[in-house]
Amino acid sequence: MGSIEEEARPLIEEGLILQEVKLYAEDGSVDFNGNPPLKEKTGNWKACPFILGNECCERLAYYGIAGNLITYLTTKLHQGNVSAATNVTTWQGTCYLTPLIGAVLADAYWGRYWTIACFSGIYFIGMSALTLSASVPALKPAECIGDFCPSATPAQYAMFFGGLYLIALGTGGIKPCVSSFGADQFDDTDSRERVRKASFFNWFYFSINIGALVSSSLLVWIQENRGWGLGFGIPTVFMGLAIASFFFGTPLYRFQKPGGSPITRISQVVVASFRKSSVKVPEDATLLYETQDKNSAIAGSRKIEHTDDCQYLDKAAVISEEESKSGDYSNSWRLCTVTQVEELKILIRMFPIWASGIIFSAVYAQMSTMFVQQGRAMNCKIGSFQLPPAALGTFDTASVIIWVPLYDRFIVPLARKFTGVDKGFTEIQRMGIGLFVSVLCMAAAAIVEIIRLHMANDLGLVESGAPVPISVLWQIPQYFILGAAEVFYFIGQLEFFYDQSPDAMRSLCSALALLTNALGNYLSSLILTLVTYFTTRNGQEGWISDNLNSGHLDYFFWLLAGLSLVNMAVYFFSAARYKQKKASS
């Protein structure tokens, strides 16, 4: 019999090995050199300031264009209210559609870091083109002469909209990757880092709104009082700073490896399950095909536990007699792993939750369209200062800046006592609260418009279309409520689509979340078009005419409030039936 020391030695060595392992992140990430990342030297909050700085400056650049774009279209390109609003929402929709391109490239081939780097360059080129279109005399549209406003030339349109849609492409490559790349800096297998990651999403959105605050206040004033060349040039400079901030943090980052095309994997499950449509799924789920390794067959992805819904798709993981005899399991178009099948199941389960974001985004789109037009029909003077209507977006941003720390420091600890959830509310609960608050926002906007129209009628301003002498500050409540809705819904959505998505589809799922913004903007454009069509028949003014005093913008806001209410009811029904993802430990 050996000594006590000899018997204890293996246990000591095992403990040292375990301690050494915990020095490194265990979520499959690597450092810049491709080695397992040391927790002490990489990721976590050490890397986040560079990512948050990048996001803050990039959002300042984006909102520096988007926040007051409708004013440029109406005053410089001489477009009507409906045409300008449609152009804005279509462009914003495209900005949230192009993330699908960046997401597929990031998840399948380049990884999030290099995708951000590449599309940042495209973004900067677009910003530069837009600045030139507002600065170079030959590229600027002619000014109005009295009531006559000459149309912009085809070359001027091409330069302006070319730059605008290069920005849409550039931001599309960045959007689905930055929040996920930031969350990648926290090890999912470490309980402490998981809590920090939940906090990261709050401060990520906080950074977005710091950039938006500068844009919606200072930049809007510069654009309308010091010229659009300077007003577009400053955001271009900040886009350059965003790129610099991102690259400075490179040595500190943790990187997740691309896992191959998610679209191919989804297609393989569909094809394999169809090919085995006559095969019976065994009652014992352990008989379904899965690799024996700790990690899944998908690069950079943990295994996902089997679930009993969508059982038809399980046929793709049934090992046929032919495959069992040959021992050849390599053809993924005939046989898929349980993890691969579960990836598709997760996307299917997410769909009803995902769809709720479309109506919410249609409501959010009003901040840069109809809220601005409503403000232009009000008294924008504060003392001797002329306040640009788009600058009211500052109150939405201020609301977010107030609500984020309030939520993170006070609401979460309080909610934790009642819900038992470490982060206060689950992502689904948080999003549901945001949907309810969005209904209140549209109701507030409608009430302000009712008051404005009554005053216009009492003062005889209906025919002239002159701004009504009611302070634009009456709009503050609707902006402030919208900011609160954002903190609950958009941040909850960010976290939901990161946590619930398969490991190798996180950029794609972030892009799908952003796609709701695109569809929401397109839906807003569609609703505007339909409302205009149906309310202007028989020679009527319509709800949204160029003279808002003779229209009924309040009806439009009530319509959106009603749609939001229905959307909320459908969401709660779907959320009650949602099954959470379970990754194998």
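Any Cβ shown, glycine's included, is placed from N, Cα and C.
Feature annotations, reproduced from Swiss-Prot:
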{"type": "MOD_RES", "residues": "G2", "note": "N-acetylglycine"}
{"type": "MOD_RES", "residues": "T115", "note": "phosphothreonine"}
{"type": "TRANSMEM", "residues": "91-111", "note": "transmembrane segment"}
{"type": "TRANSMEM", "residues": "116-136", "note": "transmembrane segment"}
{"type": "TRANSMEM", "residues": "154-174", "note": "transmembrane segment"}
{"type": "TRANSMEM", "residues": "200-220", "note": "transmembrane segment"}
{"type": "TRANSMEM", "residues": "228-248", "note": "transmembrane segment"}
{"type": "TRANSMEM", "residues": "351-371", "note": "transmembrane segment"}
{"type": "TRANSMEM", "residues": "387-407", "note": "transmembrane segment"}
{"type": "TRANSMEM", "residues": "431-451", "note": "transmembrane segment"}
{"type": "TRANSMEM", "residues": "472-492", "note": "transmembrane segment"}
{"type": "TRANSMEM", "residues": "511-531", "note": "transmembrane segment"}
{"type": "TRANSMEM", "residues": "556-576", "note": "transmembrane segment"}
Ranking 91-111, 154-174, 200-220, 351-371, 472-492 by the number of C-beta pairs under 8 Å to the transmembrane segment (387-407), which range is first?
472-492
Using a threshold of three or more Cβ pairs below 8 Å, and leaving out pairs closer than 6 in sequence, do the transmembrane segment (200-220) and the transmembrane segment (472-492) count as in contact?
yes
Under 8 Å, at least three CB pairs between the transmembrane segment (431-451) and the transmembrane segment (228-248) (pairs 6 or more apart)?
no
Using a cut-off of under 8 Å between C-beta atoms, tell me which stretch among 116-136, 154-174, 351-371 contacts the transmembrane segment (511-531) the most.
351-371
Three or more CB pairs closer than 8 Å, sequence separation of 6 or more: does that hold for the transmembrane segment (116-136) against the transmembrane segment (228-248)?
yes
Among 91-111, 154-174, 200-220, 351-371, 556-576, which stretch has the highest count of C-beta pairs below 8 Å with the transmembrane segment (228-248)?
200-220
Are there residues at least 6 beyond the ends of the transmembrane segment (200-220) whose Cβ is under 8 Å from a Cβ of it, and what are they?
48, 51-53, 55-64, 67-68, 179, 182-183, 185-186, 231, 234-235, 238, 388, 390-394, 396-398, 400-401, 404-405, 407-408, 486-487, 490-491, 494-495, 498
Within-chain partners of the transmembrane segment (351-371) [C-beta distance under 8 Å, separation at least 6 from its ends]:
66-67, 69-70, 85, 88-89, 92, 96, 389-390, 392-393, 396, 428, 431, 434-435, 438, 441-442, 445, 475, 478-479, 482, 485-486, 489, 493, 496-497, 512-513, 516-521, 523-524, 527, 544, 553, 556-557, 560, 563-564, 567-568, 570-571, 574-575, 578
Which residues does T115 (phosphothreonine) neighbour through Cβ under 8 Å, counting only same-chain ones at least six apart?
G102, L105, A106, G173, I174, C177, S507
Give the nonlocal contacts of the transmembrane segment (154-174) in its own chain as ranges (CB under 8 Å, at least six residues past its ends).
58, 62, 65, 77, 91, 94-102, 105, 115-116, 118-134, 139-141
